[in-house]
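To start, the structure itself, in structure tokens.
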Amino acid sequence: MSLLKLRKFRALTLLFCIITFTMVLFNYTLRDPSAYFFKYAFRLSDTVFPRGPCSCRRCVAETEDDPWFAERFNQSFHPVMSRKGSVLTDDTYRWWQWLQAERQPANFTEVVDKLFQIIPDKEFYADSRPDRCRTCSVVGNSGNLKDSHYGPLIDASDFVIRMNQAPTEGFEKDVGYRTTHHLMYPESAVDLGNSTCLILIPFKTLDLEWLISALTTGTIKYTYLPVTANIKANKDKVMVYNPSFFKYVYDTWLEGHGRYPSTGFLALMFAIHVCDEVNVYGFGADHYGNWHHYWEDNLLGGAFRHTGVHDGDYEYNVTALLADKHKIKLFKGS
Ligand SMILES: *[C@@H]1O[C@H](CO)[C@@H](O)[C@H](O)[C@H]1NC(C)=O
Ligand SMILES: *[C@@H]1O[C@H](CO)[C@@H](O)[C@H](O)[C@H]1NC(C)=O
Ligand SMILES: *[C@@H]1O[C@H](CO)[C@@H](O)[C@H](O)[C@H]1NC(C)=O
Ligand SMILES: *[C@@H]1O[C@H](CO)[C@@H](O)[C@H](O)[C@H]1NC(C)=O
């Protein structure tokens, strides 16, 4: 090669490198302006740096970057109860039984034993891997979802988690079509589609007995309120929120604020422990500062913030803090 040609070749190569580098840089910056993009660029090469706990751009379970989170996040607690995980310490049993005190609770061990003859006994979601990127939408019931047009965004996640009476029919544009998990307690139960997992949040032993009954004979029609006797749900997809996890959420994440956590907060904590990326919709007040459900017009009808049981302000502060630390993404709605 002549000297001139060599110079030209070098110049072209340099130009090519600069363009490629700029494009990569631009691409990462565009997709995530606030990201530490070097970390993710380097993550492409596993041989140089060890891999993170998941393959999303950010992983919830990453505890190295935040001491506040690391101090609280404890994966030895499983949100879903299995037969093996159903043994409660005396302390946990006492706390849990106190939530909605029963006069004469049935024998917990025996009820659990009967329950697992009907619902699956599995270690659900103990499957985090460096090559997994499970995205989740947690959909609360706030009126701030009205006219949000979040539907398609919510549906795009692997898991779509809803709670209590939340309807989708007629609100799809704002809340989406899909539901993979639906959290409820006996007094807030609704029928579910065949592909949705029912997650029962039990507040007393009677709630577990209700679940057995509601999936079979339908004999229990009353707890402290009239409850639905039979529930439509796929028995292969019924799970129970673990009382030990329930207490961990209350002690560790709410530091004892309120009497017990709200369903919304319990759903959020479920998501943080089974998902790699968590997007949160329909939490908090709407832009007028009103607290109501998205399916209710009457603003006075659903003042769920002032139940006296939950510390909504404290829960919202923790939620906002998780968002500040990029552990969750909070979509504030309209
Ligand atoms: C997680 O919880 C278990 C059981 O209570 C406890 O033994 C362990 O020390 C906790 N781990 C962290 C990191 O807090
Ligand atoms: C509950 O039942 C189990 C097994 O039948 C028994 O071992 C246990 O002592 C009972 N617990 C109470 C508090 O009665
Ligand atoms: C519901 O799902 C189960 C599998 O989980 C399947 O066996 C059953 O046929 C489905 N039922 C309906 C009505 O689609
Ligand atoms: C929530 O955070 C705000 C601002 O940091 C603080 O003023 C308020 O006292 C907190 N509320 C609760 C209930 O902790």
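In case you wondered, yes, glycine gets a Cβ from its N, Cα and C as well.
Automatic, uncurated: that is what TrEMBL annotation is.
Here is what TrEMBL records for this protein:
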type: BINDING; residues: Gln100, Asn141, Asn164, Tyr224, Tyr260, Gly264, Gly284, His293, His310; note: substrate binding site
type: DISULFID; residues: Cys136-Cys275; note: disulfide bond
Practice task
Determine, from DSSP, whether Cys136 (disulfide bond) sits in helix, strand or coil.
Solution key: strand
Fill in the blank from the handout: Cα-Cα, Asn164 (substrate binding site) versus Cys136 (disulfide bond), nearest Å, comes out at 18
Fill in the blank from the handout: When the binding-site residues Gln100, Asn164 are compared by other Cβ atoms within 10 Å, fewest goes to Gln100
Fill in the blank from the handout: Simplified DSSP label at Gly284 (substrate binding site) comes out coil
Completion exercise
For Cys136 (disulfide bond), the same-chain residues 6+ apart in sequence with C-beta under 8 angstroms from its C-beta are Ser157, Asp158, Phe159, Val160, Ile161, Ala271, Val274, Cys275, Glu277, Val278, Asn279
Handout entry: Taking residues Gln100, Asn141, Asn164, Tyr224, Tyr260, Gly264, Gly284, His293, His310, which bind substrate in the record, the widest Cα spacing (Å, whole number)
Key = 28
Exercise for the section: Would you mind checking how many other C-beta atoms are within 10 angstroms of the C-beta on Gly284 (substrate binding site)? Expected result: 21
Fill in the blank from the handout: Same-chain residues at least 6 positions away from His310 (substrate binding site) with a Cβ under 8 Å from its Cβ, in sequence order, are Gly258, Arg259, Tyr260, Pro261, Ser262, Phe265
Handout entry: Packing count at Cys275 (disulfide bond) (other Cβ atoms within 10 Å of its Cβ)
Key = 28
